[in-house]
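Structure, as structure tokens:
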Amino acid sequence: QVLCPECCVFIHLTKVTGNLDDCACDVETINAFNNDLLYPKLQTLLESDYFRLYKVNLNKPCPFWTDHSHCGVRDCAVKPCSPYSAEANEQLDECEKAEHLGAVDVSLSEETREAVLDWSKHDDEAERFCVVDDEESPDAQYVDLLLNPERYTGYKGPEAWQIWNSIYEENCFKPYTVPRPLNPATFYSSTGNEGERTFYSWLEGQCVEKRAFYRLVSGLHASISVHLSARYLLGDNWFERKWGPNASEFQQRFDSELTKGEGPKRLRNLYFLYLIELRALAKALPFFQQASFQLYTGQLEQDQKHKEQLLDILQLARSFPLHFDETALFAGDREEAAKLKEDIRLSFLNISKIMDCVGCFKCRLWGKLQTQGLGTALKVLFSERQIEALPKSRTGWPTFQLSRQEIVALLNAFGRVSTSIKELQNFRSLLSEQQ
């Protein structure tokens, strides 16, 4: 096993090459493994009934600040606009467009609704070690993820920036005196480059765990940005909406010159996130191998088939030759390590709560799913002893448990990161054609 606590990649916008620091793994290895082997199998599994339905409460109020974007109204994703001028009318059009793009399709067939009731009964009879707030809420409802793909919604500007600003400034252990790169307050100032040097000097001075935490958050941010660029609204008229890759949008977010060198760092962190979640899937294999575990939908043959597909994917994940080694984390003094782990857990919990402040319902849906998926991955990584102690029989008391909600989030969150790696290949080809 290879130590790789802070794997970095050297990335150009149109060409991703180079070794990962501290390990023998290179980017080409990850790209080939994901794009050619893992990605196709994973996408097929995520289309199954078990993984396409996610239970979520989209009506929880923001616990940190007063939300002015009317996120409590089902189909509204942006601030209301005043139609008293030509400029305001133009803004109203944008509001209506973003409102529609941000709406969540919650329609389910009657057959599916009846099946879901049976699923809930089955899950309630299982031993549950983790209660997810959204699952127990009377306002929670199942959403079909295939009907609500993650893509551009028009949600941007101060409201969107406030979400990420709160995540980075208040939950990544960074003091306010250290400006973060591309902060609007410093990006165009003469001290912008100095601020960037200050930030990375501070980051490298942190312990490996805090650096890893920041890079996971940044990697998640980068992954979401890739999705929005890859499924952008290219055309909208009375007849159809056209979605596709927007190379210009991608460059605005990741081009080295346009982002003062920050874009490639974001992509490094995306690969770091990929390795963390891939490692979690590999570590979770014994849990899913239990004879008592089912991907229960009531269709026995399909359920068994999908479990076999899942195990095949997890075996493939385990076969990746150059995994991240999580034992490098929290390896110091026991008391200090325990406190640090709890600090990181609380910070991540806080980030998951911030998702209830997202003013676009579709963005909120995918934000909640991906943060829960990453949280589940971290839970798996630091439960190795409990997973190894799992009983081999159906009658033994489980030492580790994942709820249906956590399982769906774990696989779909990794599916999003896997898709991001695949989309990078598509953008490389697209940008090469434009040169």
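Any Cβ shown, glycine's included, is placed from N, Cα and C.
On a predicted model such as this, the values are computed, not experimentally measured, just so you know.
Record features (TrEMBL):
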type	residues	note
ACT_SITE	Cys360	active site, nucleophile
ACT_SITE	Cys363	active site
BINDING	Arg151, Thr153, Trp164, Ser218, His221, Arg253	FAD binding site
DISULFID	Cys71-Cys76	disulfide bond
DISULFID	Cys360-Cys363	disulfide bond
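Among the binding-site residues listed here, namely Arg151, Trp164, Ser218, His221, Arg151 has its C-alpha nearest to that of Cys360 (active site, nucleophile). Cα to Cα, Arg151 (FAD binding site) and Cys363 (active site) are separated by 9 Å. With respect to their backbone Cα atoms, Arg253 (FAD binding site) and Cys363 (active site) stand 18 Å from each other.
The Cβ of Trp164 (FAD binding site) has His221 as same-chain neighbours under 8 Å, each 6 or more residues away in sequence. In this view, Arg151 (FAD binding site) is surrounded by 17 other Cβ atoms within 10 Å of its Cβ, with every protein chain counted. Sequence-distant contacts (6 or more apart, same chain, Cβ under 8 Å) of Ser218 (FAD binding site) comprise Lys265, Arg266, Asn269. Counting Cβ atoms from all protein chains shown, the residue listed as 'active site, nucleophile' has 27 others lying within 10 Å of its own Cβ. Between the C-alpha atoms of Thr153 (FAD binding site) and Cys363 (active site), the distance comes to 8 Å. Residues listed for FAD, Arg151, Thr153, Trp164, Ser218, His221, Arg253, cover a largest CA to CA span of 21 Å.
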